[in-house]
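Enquirer: Got a structure for you, written out below as structure tokens; questions coming shortly.
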Amino acid sequence: MSLFHLYTRVLQLLGKEARLGWILAVANLLLATAQFAEPILFGRIVDVMSGNLATGALVPETRSPWPLLGAWVGFGLFTIMCSALVALQADRLAHRRRQAVLTSYFEHILQLPISFHTGTHSGRLMKVMLQGTDALWRMWLGFFREHFAAILSLVVLLPLSLYINWRLAILLFVLCIVFTVLTTLVVHKTYGMQGEVEAQYSDLSARASDALGNVALVQSFVRVDAEVQGLRNVSGRLLEAQMPVLSWWALVTVITRASTTITVLSIFALGIYLNQQGLTSVGEIVMFVSFATLLIQRLEQVVNFINNVLMEAPRLREFIAVLDTVPAVRDRADAIDCGRLSGLVEFQNVSFSYDGKRPAIEDLSFTALPGDTIALVGATGAGKSTAIALLHRAFDPQSGVIKVDGMDIRGITLASLRRNIGVVFQEALLFDRSIADNLRVGKPDATPEELRLAAERAQALEFIERSDHKFDTNAGERGRMLSGGERQRLSIARALLKDPPILILDEATSALDAVTEAKLNLALDEVMKGRTTFVIAHRLSTIRDATRILVFDNGKVIESGTFDELVARGGAFAQLARAQFMVQESARSAMSSAADAQL
């Protein structure tokens with residue numbers, strides 16, 4: 001994306017308030033153009049006071065400086081008041097749009113598929129969101145206040161100076177040419193460098209976020225010094241990339257300041273000569289010195305504008321790239337709200353591949369009636385989790401159809417489909433908020449009584465009541481203030497509170513002790529009645545009473561039946577059951593031997 005197209009996209013993000021933005025920009029243009037009247041009045045006053053009335057001064061002739069001075073004061077006060085009003089409105093608009101775009105970005109990334117978040121560091125997404133919206137704010141504010149006015153005021157100033165005195169105007173044109181050539185050279189030199197700088201910033205953010213997210217690992221393996229040194233190394237590479245960019249722009253500042261001084265001195269020198277020849281007045285010399293000062297201000301604004309666009313471009317490109325990411329799964333234009341489902345689920349010849357080559361699911365077909373419990377069994381990577389991900393449309397299959405209550409799930413809105421599905425993940429996911437807030441994720445309007453009932457059914461009420469703040473206890477970042485079993489019980493309570501017709505349990509009792517697991521299984525048996533439940537199981541003891549067990553291998557269902565039927569067949573499931581039984585027996589024997597030895 002070129003700088004021009006990038007800047008155009010920045011202005012498009014003004015959205016519904018773009019019209020107000022253009023009004024502010026045009027107002028600033030008019031105010032910037034009006035500033036040219038001040039040097040003209042100044043020069044005219046000097047001419048009047050010196051008794052040398054010049055022609056073509058754009059001001060009616062007068063022999064008294066007071067009317068001109070009064071006009072200057074009135075005009076100056078008016079422009080100051082208008083400038084303050086426009087600046088205030090510009091600030092408010094830029095702040096409003098920054099918050100609006102930040103919220104839109106946040107909403108957008110939350111809707112992107114899990115596959116996107118799996119491959120993108122959360123620290124990078126936060127950095128892109130904050131730096132991107134800050135860059136947008138600066139660009140908008142610059143557009144409202146300076147960019148548009150600075151560029152177009154040059155178009156007014158140069159012809160005006162030609163009209164007043166073309167000989168002195170030549171010096172202003174030379175100054176413009178020097179600025180243009182120098183700026184073009186520096187932009188060409190630093191364009192790629194700034195992209196490298198932003199890449200190093202991203203690495204710095206990602207590395208710091210990675211270490212902070214794994215503090216326990218860093219401390220337990222005594223990696224503090226190593227991680228700090230790693231951050232120093234990234235910081236060093238960042239400085240190495242940044243210094244050449246700063247040096248080039250420092251050179252621009254030095255040369256432009258020198259050009260400014262030379263131009264002013266040249267105006268005086270040429271002006272004195274022309275005055276001696278009767279080709280200009282003292283007032284015009286003063287006027288052109290003021291013109292030169294204004295021109296320098298405008299040129300510096302243009303240079304700063306180009307510099308800012310160049311500096312912000314990598315951040316803006318990252319931000320817009322994320323904003324333009326299209327979710328692989330989204331609602332169709334004709335998608336409907338399915339309401340509350342009964343729980344009938346059908347997979348019909350479903351196939352799916354992550355990379356388009358090796359199938360993760362191949363020709364999967366089965367039907368789950370309302371109230372059925374379907375267990376999915378198999379080795380890691382066999383396709384169990386992928387099948388469930390397809391059910392709640394984390395992905396769409398390349399072929400085949402998945403139906404709920406006879407409706408293709410692709411014809412149902414994502415929100416209504418997912419409202420009907422409750423999920424208990426193997427790793428409990430909790431917000432850094434109170435226990436009550438975490439439970440209300442399942443039902444935002446849940447009453448305190450409903451919270452207590454759900455917690456009680458999930459065997460969580462006891463530890464909640466033991467805490468000092470009860471349901472107001474903060475769970476900590478990712479639930480770190482709670483034990484693994486406590487987090488999992490809250491996750492189960494949240495799913496029960498949602499009361500969905502379809503329930504997914506991804507080894508939901510894996511983090512619980514044997515006593516709590518036994519209690520929880522009784523509660524789950526009661527809750528699962530009348531619901532279609534899918535259980536991703538690794539411990540076969542948890543699926544003893546499943547309506548049907550699907551045994552996965554390399555994306556295919558190789559066996560299907562009840563627990564007893566599959567064991568009787570002596571196939572893959574029976575081998576897995578025997579292996580787990582032998583492991584459990586070995587563990588029991590080892591524990592018994594240890595106990596006997598102590599006796």
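Note that Cβ sites are derived from N, Cα and C of the backbone, with glycine treated the same way.
Computed from a predicted structure; not experimentally measured.
Dumping what Swiss-Prot says about this protein:
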DOMAIN    21-311  domain 'ABC transmembrane type-1'
TRANSMEM  22-42  transmembrane segment
TRANSMEM  68-88  transmembrane segment
TRANSMEM  146-166  transmembrane segment
TRANSMEM  168-188  transmembrane segment
TRANSMEM  254-274  transmembrane segment
TRANSMEM  276-296  transmembrane segment
DOMAIN    345-579  domain 'ABC transporter'
BINDING   GLY378, ALA379, THR380, GLY381, ALA382, GLY383, LYS384, SER385  ATP binding site
Enquirer: Near the Cβ of LYS384 (ATP binding site), how many other Cβ atoms are there if near means within 10 Å?
Expert: 25
Enquirer: Taking each of the binding-site residues GLY378, GLY381 in turn and counting other Cβ atoms within 10 Å of its Cβ, which one has the fewest?
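Expert: Each of the binding-site residues GLY378, GLY381 was scored; lowest Cβ tally within 10 Å is GLY381.
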Enquirer: List the other residues in this chain whose Cβ sits within 8 Å of the Cβ centroid of the ATP site residues GLY378, ALA379, THR380, GLY381, ALA382, GLY383, LYS384, SER385, in sequence order.
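Expert: Result: THR386, PHE552.
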Enquirer: Is the transmembrane segment (22-42) in contact with the transmembrane segment (168-188), using three or more Cβ pairs under 8 angstroms as the rule and ignoring pairs under 6 apart in sequence?
Expert: no
Enquirer: Which one is it: of the binding-site residues ALA379, ALA382, which Cβ has the fewest other Cβ atoms within 10 Å in this structure?
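Expert: Minimum Cβ neighbour count within 10 Å, taken over the binding-site residues ALA379, ALA382, occurs at ALA379.
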Enquirer: Can you tell which of THR380, SER385 has the least company, meaning the fewest other C-beta atoms within 10 angstroms of its C-beta, among these binding-site residues?
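Expert: Candidates: the binding-site residues THR380, SER385. Fewest Cβ atoms within 10 Å: THR380.
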Enquirer: Any idea what DSSP makes of GLY378 (ATP binding site), helix, strand or coil?
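Expert: In three-state terms, GLY378 (ATP binding site) counts as strand.
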Enquirer: Looking only at Cβ atoms, how many others are within 10 Å of the one on GLY383 (ATP binding site)?
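Expert: So the number of other Cβ atoms within 10 Å of GLY383 (ATP binding site) is 24.
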